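In what follows, a single structure is set out as structure tokens and then discussed.
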């Protein structure tokens, strides 16, 4: 079976993606409790979450160097570092320790994620396979399961400290599973000529990824608050919002893995972006949690393939010696959206309300089919 064979081939980066999803799913569903414990408003919470963005961007810039220096062990070392950052995270009961914890988690998560993407890109090139959607689908499955389990834990009265200790132990297990590795061959090593250069096509692919990850992570981080605060749902109902998003994203990515063939990515991206924008608008205008779940489901199905396909396109159009660099730089641009999304939603929510903030996110998604994809078509190598 193709799915199982591809999963065995990419089992090391798949474990890393599962570890990243384990933390962020738990974090999204635990966010109402964390916010209440810190006693901060939306804008302050958004500012605090920028700490993870800063740490992640620094580690992402350094990731290609780490990958070159530790081609077999870099992914495992990054996973161990992430587990070490997550294990004590639940102890942060005041603002300064929480900010420092988010900084450490941002740095380690960013490194773990980028090295996993680089590993997938190498495997795609070596075996002429499409693996990005599958591996990002593992992230979504892990995210959905973690969000749902966290909701149950909250309902049972379990607080942040014991729960994040369990999450850290889970990430430690994923780090051990990444030891099945591969090293770059001679054609994949960055040359002095290609080091540091970003083509206009990679910039556009990065911007598509940025918008997709912005919509994905902003909604993941604030959907529980939207359902609980705006629509009056309980803790379990709130946790079902990010769980629904994660589950439909997993389904979308696994389906995308099975149906995607070389050359079809732009068409799939166009329709996926339209579906995602429609879903986010429905969630923004939802009168009840049930309608919000439907909107988040449509958003998840649509946005699920945006980031992985854009990263795959960046790797496909790069020369072999520049492939890891192209993917890492497109991912770094894209993950600005992943990490800036939640704090930006905090600022927008504080200024205009959560409904308007989700509506602005939907308008951003429409930039993909209207502006960026036509530009990429003109820039694509002949």
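Using N, Cα and C of the backbone, Cβ positions are placed for all residues, glycine too.
Here TrEMBL flags 201-382 as domain 'Major facilitator superfamily (MFS) profile'. Summarising the annotation, TrEMBL assigns transmembrane segment to 12-31, 43-63, 70-89, 95-115, 136-154, 160-177, 198-215, 235-256, 268-286, 292-314, 326-346, 352-373.
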Stretch in 43-63, 70-89, 95-115, 136-154, 326-346 most in contact with the transmembrane segment (292-314), if contact is a CB pair under 8 A: 326-346
For the transmembrane segment (43-63), sequence-distant contacts whose Cβ falls under 8 Å of one of its Cβ atoms, 6 or more beyond its ends: 35, 95, 98-100, 102-111, 114-115, 118, 221, 328, 331-332, 335-336, 338-340, 342-347, 349-351
Interface-richest range of 70-89, 95-115, 198-215, 326-346 toward the transmembrane segment (352-373), CB pairs under 8 Å: 198-215
Paired segments the transmembrane segment (160-177) and the transmembrane segment (268-286) in contact, 3+ CB pairs under 8 A: no
